[in-house]
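Read through the structure below, which is laid out as structure tokens, and then see the notes.
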Amino acid sequence: MKTNAVEFGLYSIGFTIASLVWPFVTAGQSTLAVRFWPTFSDRYDVATANFVLLRALKIVIGSGAVVIGGFVLLNLVVPSLGMTEFTGGMVIWTALFAVALGASQFSAFALRAQGMLHWSILPKDILWRLLVIIIAGFCSELTGVQALSIVALSLSVVTLVQIMRMFRAIGSLRDITSPPLGEIAAMKRAEWALCGGEISRQWLQQAATFVVAIMLGPVSAGAFFAAQRLSNLLSIGLIGTNQVSGPIIARSWHAGQFQRLQSVMTTVSVAALTFSLIGFGFYSVWGAWLLAQFDPAFSDAHIVLICLAFGQLVNAACGPNGHLLNLAGQEKATLFISIVAGIANILCTAIGITLYGLIGAAIGSTIATILWNVWCTTLCAKRLNIHLFKIHSVKHISGIRTAIFSQKAIKK
């Protein structure tokens, strides 16, 4: 987007706040859908499994309304605090973007659980970004508020399409049947920890930008945000395989197919690491040029990008560790790890800024990312006996590839 350094910094702050808030919208329902829909579909029938999605959507709508109400109240308070750079438009568009992010996260996970992978991945991961690029390409220089409105409105459009597709797959709402009360109670017990895990996980990923904005100002926050956005691209391979493998992981664990689960986890980790290594090498050479595309002054943040990219390299190498823990009923342990790592992220980033400025912020954030991944990977091995890099366990790679990328295999 065409913005100056200050406006891009304000946009990055709004984007970061929305990213921190959207887990309050999903309230743990996205992971809940992937965990319980395949299980109920196998254990009972599709009509019973659809109860999970309908119940979850009602919770997401209610949570979204509460979040918007909270931001409306905040909009009344901001002028009295003297925060003139955060106009009413910035607050309202941040709220709408947070709700759109939460609804998009839920709809993508719900469609993934139903086996509609292309509908799960394409709208948000590809079409939304293309739509933003096309719209921004026809605009002259944008303010932070205008840039935020573009990403919020375009994401809302593609998310509505996803939700409509989900309802089409569900069919008549009158055909939905409730599972036994014991199953509903199990869902309720799990969703609180899953919600807390999503919130603390986002703080682990996003809070560093917020800390930079408070301590160094919007321009430095913009540079850090640009480096963070680029570094996060190294996890695209992991995100993509998570989208596909989630229902397989849930079904394999609850069916006791541990050898198959071990093979899938190792294959996903190796594939994600390979993709990330290629990207890390590219950033080592072309990183400064890529940062300059956001703003010429951001090219000085090349070392920041490399530090953050190293953290994402470790994240990819550790594979879908937290995902497995949540789907295997270890959501309380994941919540505890995420809270500790999230607090460490804020503290390490603040200490790093005090010592080494923006580079110190990147080092501190990377330390927290590595802490979370190593801890979760260790827990997978100790509690679940799943070792993400047990290479010799990967047998019949072609069969695993078919299992991961075939929708028929997912729906069975």
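Positions of Cβ are set from backbone N, Cα and C atoms, glycine also.
Remember, TrEMBL labels are computer predictions, not curated facts.
Per TrEMBL, these features apply:
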- 12-37: transmembrane segment (TRANSMEM)
- 57-78: transmembrane segment (TRANSMEM)
- 90-111: transmembrane segment (TRANSMEM)
- 131-164: transmembrane segment (TRANSMEM)
- 207-227: transmembrane segment (TRANSMEM)
- 265-289: transmembrane segment (TRANSMEM)
- 301-321: transmembrane segment (TRANSMEM)
- 333-353: transmembrane segment (TRANSMEM)
- 359-381: transmembrane segment (TRANSMEM)
Checklist entry - Looking at the transmembrane segment (301-321) and the transmembrane segment (131-164), are there 3+ C-beta pairs under 8 A, with each pair at least 6 apart in sequence? => result no
Checklist entry - By Cβ distance under 8 Å, which residues at least 6 away from the ends of the transmembrane segment (359-381) in the same chain are close to it? => result 201, 204-205, 208, 211-212, 216, 224, 227-228, 265, 303-305, 307-308, 310-312, 314-315, 317-319, 321-322, 324-325, 330, 333-334, 337-338, 340-342, 344-345, 347-353, 387-388
Next on the checklist: Counting only residues 6 or more past its boundaries, what in the same chain has a CB within less than 8 Å of a CB in the transmembrane segment (131-164)?
Outcome noted: 1-4, 7-11, 13-15, 18, 57, 87, 89-90, 93-94, 96-97, 100-101, 103-104, 107-108, 111, 119-120, 123-124
